[in-house]
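Copied over from Swiss-Prot, here are the features:
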- 28-50: transmembrane segment (TRANSMEM)
- 67-87: transmembrane segment (TRANSMEM)
- 96-116: transmembrane segment (TRANSMEM)
- 131-165: transmembrane segment (TRANSMEM)
- 254-274: transmembrane segment (TRANSMEM)
- 316-336: transmembrane segment (TRANSMEM)
- 364-384: transmembrane segment (TRANSMEM)
- 396-416: transmembrane segment (TRANSMEM)
- 454-474: transmembrane segment (TRANSMEM)
- 481-501: transmembrane segment (TRANSMEM)
Amino acid sequence: MPATMSQAFIGNFLGNSPKWYKTAILSFLIINPLLFFYVDPFVAGWVLVLEFIFTLAMALKCYPLQPGGLLAIEAVAIGMTSASQVLHEIEANLEVLLLLVFMVAGIYFMKQLLLFGFTKIITKVRSKVLVSLMFCLASAFLSAFLDALTVIAVIIAVAVGFYSIYHKVASGKDFGADHDHTSEGKNAAGEDQLNEEELGAFRGFLRNLLMHAGVGTALGGVCTMVGEPQNLIIAAQANWQFGEFAVRMSPVTVPVLISGILTCYLVEKFGIFGYGAKLPTAVHRILCEYAAHEDARRTNKDNMKLIVQALVGVWLIAGLALHLASVGLIGLSVIILTTAFNGVTDEHALGKAFEEALPFTALLAVFFAVVGVIIDQHLFAPVIQWALGYEGNTQLVIFYIANGLLSMVSDNVFVGTVYINEVKAALINGQITRDQFDLLAVAINTGTNLPSVATPNGQAAFLFLLTSALAPLIRLSYGRMVWMALPYTIVLSIVGVMAIQTGFLEQATQYFYDSHTIIHHSAKEVLGTVSGH
């Protein structure tokens with residue numbers, strides 16, 4: 001029987017999302033105008049924020065751009081905020097959008113070099129603990145300069161490559177043969193061709209490495225202004241450059257990095273929380289043979305491409321460290337240099353590089369619409385006033401925890417943007433000093449980045465991993481990710497809180513002032529970067 005028009009509408013609306021989810025979003029769209037016009041705009045605003053957080057938390061059911069975008073369009077249409085306010089937010093955060101558009105695409109053209117490096121780590125180093133530490137540290141270093149999504153994308157590509165090679169060889173085929181590595185490895189008679197114990201151990205090994213790398217991106221990403229998109233927003237509002245940002249964060253980020261690496265060592269050493277899986281000898285032999293096969297096939301042309309990518313990588317790090325141009329423009333230069341010297345001139349080949357980041361860039365524009373509602377309806381004013389009622393380190397800890405809890409269930413770009421805007425408003429209104437604002441900016445940045453490793457909702461890199469084609473192959477579920485992230489969540493959150501609560505952040509910052517490593521900023525500088533006030 002053909003579907004009725006109403007059934008067809010529901011079927012098309014939000015695609016393959018569950019029916020209950022579609023009903024929830026439609027209910028939100030009906031309820032919001034009623035609350036805004038007949039109850040209270042403040043209540044309606046908070047309901048919208050909670051609905052938006054719900055769409056982010058349900059990202060596995062439906063990408064948040066569509067449901068969140070519908071809520072944002074309705075909010076503008078009924079007057080909760082204005083289109084000009086949304087545009088103002090986007091203008092104020094243009095550098096972040098350029099970072100996502102150009103930097104992520106630029107690193108796409110450096111994937112060969114990164115693949116080469118991670119492949120060598122796995123095939124040359126036999127100690128599982130050492131491999132884990134190297135993956136965690138390499139991800140942390142790369143994420144301090146590159147986008148975390150890209151770093152995870154590269155490691156996923158390495159893992160998929162290795163999984164497919166093992167699956168192919170274990171199924172009785174050679175390296176060059178076509179093979180479906182997503183099959184369960186049964187022959188025509190339905191019998192297992194693969195050694196299940198060996199395959200299970202290999203899956204565990206890959207899960208371990210991907211989780212260490214994912215946490216590594218958080219450890220490195222919090223350290224610099226380009227490590228995560230929200231860092232750039234916070235740096236822009238505080239008027240900090242690359243070096244100053246790294247120095248100001250270091251009293252929290254350095255102890256956290258050390259404790260994170262120590263956690264990596266301990267969970268591997270004692271095989272707890274799902275870690276400690278060893279790479280089977282037979283699998284290692286296959287991977288080494290494949291790496292040797294690839295090395296033998298590599299031509300001078302291929303080697304030249306790797307050299308070009310390495311040189312562009314040096315330019316990228318130098319350009320960012322010395323602030324030779326805005327982040328987005330450096331990303332654009334990476335695209336131009338890598339493609340020009342490596343001969344990527346086809347328009348379709350260029351277009352693939354932008355596929356990864358543009359959906360999230362569009363989602364970020366929707367974030368700014370919700371931020372517009374928060375500003376126009378003064379939603380966070382009571383919360384901020386309560387937090388500002390405390391003084392000194394307690395105030396900093398409250399902001400750290402408030403950011404951390406929200407970042408566990410929501411996107412940290414959204415959370416960081418909201419809080420830094422509110423603290424900036426407090427500075428402009430004379431409620432806090434500029435020095436206290438700078439300390440609060442550190443608490444907001446670290447609180448947004450560190451506890452968010454708790455769930456895939458908080459870290460974009462984790463969500464990207466969970467929704468990748470690799471996750472089901474290596475049996476990496478939402479619950480398993482949360483469990484494996486738990487030791488890191490506990491350690492990173494507590495060490496971050498302790499660095500602030502004990503006064504270490506404040507004392508170290510004062511030392512940096514006294515040694516002229518950083519300078520005192522004035523509140524007047526803020527007026528040039530005010531967002532929506």
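Glycine is no exception: its Cβ is also placed from the backbone N, Cα and C atoms.
Just so it is clear, the model here is predicted, and its values are computed rather than measured.
Fewer than three CB pairs closer than 8 A are found between the transmembrane segment (131-165) and the transmembrane segment (28-50), and contact between the two stretches is not assigned (pairs 6 or more residues apart). Between the transmembrane segment (481-501) and the stretches 28-50, 67-87, 454-474, the greatest number of Cβ pairs separated by less than 8 Å involves 454-474. Contacts between the transmembrane segment (28-50) and the transmembrane segment (454-474): absent, as fewer than 3 C-beta pairs lie under 8 angstroms at sequence separation of six or more. Between the transmembrane segment (364-384) and the stretches 67-87, 316-336, 396-416, 454-474, it is 67-87 that has the most C-beta pairs under 8 angstroms. Beyond the ends of the transmembrane segment (67-87), by six or more residues, the same chain brings 14, 25, 28-29, 32-33, 36-37, 41, 44-45, 48, 51-52, 55-56, 362-363, 365-366, 368-370, 372-373, 375-377, 532 to within a C-beta distance below 8 angstroms of the stretch.
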